[in-house]
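Trainee: I am attaching a structure below and will ask some questions about it afterwards.
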């Protein structure tokens, strides 16, 4: 669970943050950087290794692309529709958005004080107090990085399934002899997507910034277009009462409690409004990080909450026959959004091609979300291994000539692939319980004897 030798070496040789602030170049020891961002990072105990090339807009774009309401709603709409129906999504979104806003404001405040790639892992060490800092950062770090591996797996595997639905509809649909890919073909698509995302994240931050900006633009433009287009195309639209108050309880799995059903239905909103810690993980590559990072968090959550709700209402306005949309025997094989769009365009124009184009736009948003997910995941892995917390940490926190943590990028996509190998298995309870038990067991048996939380590496800068 960690690189013990690196932790001990760093604890012995590196000065404290206070010492790093006061050392003078004239003494032959550590100089304080002239650049404010680099100086602040040095005060927090780290030398500048990643290229600081992101602006406020670029930092925001990464979080906004990672949240990606187009991707979140498209990939979890079936869950919300089956558990609670329209009411659990349209009204539930407002509830989740309110709580998310509070979390985002709190995170932004902390990010401003501690703008490092470690994000939540580093913050927990600073806020837990001296006695509890090692344990808090250890558990938080493992939950954070495993959660991000799982998020990458979820996004890219959902995209592979989405591509399969598009191919099915493009070749005639499930009732017209369309091609239904096997689970092995879907897995192959998933593997290809991960490889592409690994290649993109092996590029310099300048190119990654371009993908982040594209993702932000794509989501904003997509929401605007769909909000106008979808209700305009549909011949039949649901009533306002249906969109905001209708509750669907025939989930097919024997859950009869309305409260529990509505709670499960909130997963659509919760999944769509996550990932805004990306701004924090990108802070060591962002200019004016103590301002740009927090603003990236707050603005991405605020815009996603508003635009996502409008988009969700627009989609739900063409939902009429819920059992049919969820039926695996429909043209889209049970994908509710795909079936609703395909049917709406076919009813209006005699062809469902326009619906497939809409699905392609959503698929592009999911792809860009996956790109941002690997980016955020790799930066967290870089920071966590820099402090010696991961096995073979020396390999994972290395950066290449382009100042990119190349090794940990490919670690991220590799682990994501392994996570998705059981396709029909709900790994979330196992993952959450497993991480909790394994991290605590590793702490009790091993890590508590050497892991001290975030360590400084500024001493290495003078040696270099």
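Backbone N, Cα and C atoms are what each Cβ position is placed from, and that goes for glycine too.
Unlike curated records, TrEMBL annotations are generated automatically.
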Trainee: Could you tell me which of the ranges 216-234, 235-253, 330-348 is annotated in TrEMBL as transmembrane segment?
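Mentor: From TrEMBL, the annotated transmembrane segment range turns out to be 216-234.
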Trainee: Can you name the far-off residues of the same chain, 6+ from the ends of the transmembrane segment (254-276), with a Cβ under 8 Å from a Cβ of it?
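Mentor: Apart from its flanks, the transmembrane segment (254-276) reaches 63, 66-69, 71-73, 75-77, 79-80, 82-85, 87-89, 92-93, 95-97, 100, 104, 107, 151, 247, 296-297, 300-301, 304-305, 308, 312, 369, 372-373, 376.
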Trainee: Short question: most Cβ pairs under 8 Å with the transmembrane segment (404-421), which of 56-77, 132-151, 184-204, 427-445?
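Mentor: Answer is 184-204, with the largest number of Cβ pairs below 8 Å.
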Trainee: Cβ pairs under 8 Å only, please: of the recorded stretches 56-77, 132-151, 184-204, 216-234, 297-320, which one is richest in them relative to the transmembrane segment (349-370)?
Mentor: 56-77
Trainee: Per the definition of 3+ C-beta pairs under 8 A with sequence separation of 6 or more, do the transmembrane segment (297-320) and the transmembrane segment (89-111) touch?
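Mentor: Contact confirmed: at least 3 Cβ pairs fall under 8 Å.
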Trainee: At least three Cβ pairs under 8 Å linking the transmembrane segment (56-77) and the transmembrane segment (132-151), pairs spaced 6 or more in sequence?
Mentor: no
